[in-house]
Number of protein chains: 2
Amino acid sequence: MSFKVTILGSSGAMPAYGRHPSAQLVEIQNRYFMIDCGEAAQMQLMRLDVSYHRINHIFISHLHGDHYLGLMGLIFTMHLQRRTNDLHLYSHRGLDEIITTQLRYSQSSPSFRIIFHRLEKDERKIIFEDDAVTVETIPLRHKIRCSGFLFREKPKQKRIDKDKLPAGILIQQIASLKRGEDVLDENGNVKYKNEDHTLPARKSRSYAYCSDTAIQPTMVDQIKGIDLLYHEATFATDEESKANDTLHSTAAQAAIIAKMANVSKLLLGHFSARYKDLAPILEEAKPIFPNVQLALEGDEFTLQE
Amino acid sequence: MSFKVTILGSSGAMPAYGRHPSAQLVEIQNRYFMIDCGEAAQMQLMRLDVSYHRINHIFISHLHGDHYLGLMGLIFTMHLQRRTNDLHLYSHRGLDEIITTQLRYSQSSPSFRIIFHRLEKDERKIIFEDDAVTVETIPLRHKIRCSGFLFREKPKQKRIDKDKLPAGILIQQIASLKRGEDVLDENGNVKYKNEDHTLPARKSRSYAYCSDTAIQPTMVDQIKGIDLLYHEATFATDEESKANDTLHSTAAQAAIIAKMANVSKLLLGHFSARYKDLAPILEEAKPIFPNVQLALEGDEFTLQE
């Protein structure tokens, strides 16, 4: 089953060198989530031939322009294409006013419902949950209220070992086996012992998006052991004081967090316009956390089960 | 002296086939004006290597998203680059609220002053004037309040014929000749007859931007005889009823207006996403008004003096 992160934008506050502002698409088991929606995100979706019709949930980390200015254009396009599905928007306070003000002056009434979900400052909270996925906020440290997002698959059921499927087994009995239970006969005796007919559940995958933030060690216990961490690395260490002043991170700081949290893989993004060449960003992270990669426009990162 | 229109976006409401929403740069005698500012206009400026630092006046035709959604990103970028010049924004009611709401939630206080100028419905009015240029609104017919913009050079001074410049002529006397006056001696007699020392003034050039609008013959007398007309041509005639319903124009209608107004040249833009191939748009305009061209991303149109 799918778990894929597609990068639509890798740029920091200003677009530069063809890099676009922050936006990502996260596909988990055929659910499509968007994280941040910087300017021209809809053009990036079109360019990468990614369907935006199936996006029902958009998570906005914070209300700096490079993280949400593409949202209004995407909403207008969805409207023009006669979208009918509800669209859920998750954001700190203000996005509802920003969107509704613009709808009012354009005299537009979207063809679909927009449902605003307000995030709270410094809160860890599950803000989305269905039968397979949860999304949880990660408190970040930035100039304005800002949250990261932790996507987790829920624990999965055991898999039926098809080579060991008893003839005549009932659907309800298969469901019991998937839940990890033994199947009993009418006398209460074990008829099919679970471990004889099942394989272990596939692992539940996880992805955390942390941007924008100063280095924030309080997140470490929350993201401990996850599969994939996207952490902003606006600057290299030569600009560490600038990072401190603006509450951004260096690549080395991102790597330190990845190491402390013992994640499997680290992605770096949100690069300052001062860097044309991003090699120094990657190179300073590597010695601290070797399994690191730049997250650039069009890159796809698939997590294996 | 320069008079150049650069096309940043040729698309209608939805970006498509790499076409961007409406935005243009107009350079007149080293003044830089922007007309409309669709999403990703700042990226287009960067891509075309056009300086946006020198833009001091931005004219927004109306508050449909495809005409202004790039403005906030451009303002943030100007701020990040420590702009100090005032920025003048011309728009129908609402833009001030849209901008200030977003500045408030991002907790940003721009490094420069933003001065809002409100346009009024159905009004022809000079909204900008300096020693060389005027900009006048053109009432358009669209679903919401919408204005076109007419850029005119003011009448120019006569040119001194350098081959016929008398030895010892004073600067004040040259200024008199440029104004078209004869230069008199102390007795009130003609010393330098104007026509003996001057060449005719160069012509004053003019450009009108009309988008979005249904066919609007009331504009004809206002734009009579101008050098260059940009008129929206969202549809071809096969979609004329759609054009009527949405208060847009067909290419044929744009050509009719150009012909009625006897302009020198017509540019077509604001193309619907339903057209991948724009040839039919151009071809239907040509028989009506032959000096017509599509206005596509990156195209520059220079008016000769």
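Note that the numbers count up from 1, one per residue, in the order the chain is shown.
Keep in mind that glycine also has a Cβ here, set from the backbone N, Cα and C atoms.
The Zn(2+) 1 binding site annotation in TrEMBL covers B:His62, B:His64, B:His142, B:Asp212. Under the DSSP three-state reduction, B:His64 (Zn(2+) 1 binding site) is assigned to coil, being neither helix nor strand.
Non-local neighbourhood of B:His67 (Zn(2+) 2 binding site): B:Pro21, B:Ser22, B:Asp36, B:Cys37, B:Gly38, B:Ile60, B:Ser61, B:Ser211, B:Asp212, each in the same chain, at least six residues away, with C-beta under 8 Å from its C-beta. Annotated Zn(2+) 2 binding site per TrEMBL: B:Asp66, B:His67, B:Asp212, B:His270, in sequence order.
The active site, proton acceptor annotation in TrEMBL covers B:Asp66.
Checking the binding-site residues B:His64, B:His142, B:Asp212, B:His270 against chain A with a Cβ-Cβ cut-off under 8 Å leaves B:His64, in sequence order.
The separation of B:His142 (Zn(2+) 1 binding site) from B:Asp66 (Zn(2+) 2 binding site), Cα to Cα, is 14 Å. Within 10 Å of the C-beta of B:Asp66 (Zn(2+) 2 binding site) we count 28 further C-beta atoms, all protein chains included.
The residues near the Zn(2+) 1 site, meaning same-chain residues not in B:His62, B:His64, B:His142, B:Asp212 whose C-beta sits within 8 angstroms of the mean position of the site's C-beta atoms, are B:Ser61, B:Leu63, B:His67, B:Leu140, B:Lys143, B:Ile144, B:Cys146, B:Ser211, B:Thr213, B:Leu247, in sequence order. Apart from B:Asp66, B:His67, B:Asp212, B:His270, the Zn(2+) 2 site neighbourhood in this chain, defined by C-beta within 8 angstroms of the site C-beta centre, holds B:Gly12, B:Ala13, B:Pro21, B:Ser22, B:Asp36, B:Gly38, B:Ser61, B:His62, B:His64, B:Ser211, B:Glu232. B:His270 (Zn(2+) 2 binding site) is 13 Å away from B:His64 (Zn(2+) 1 binding site) when you measure Cα to Cα. Within its own chain, B:His62 (Zn(2+) 1 binding site) has B:His92, B:Leu140, B:His142, B:Ile144, B:Arg145, B:Cys146, B:Ser147, B:Asp212 as residues 6 or more apart in sequence whose C-beta sits under 8 angstroms from its own.
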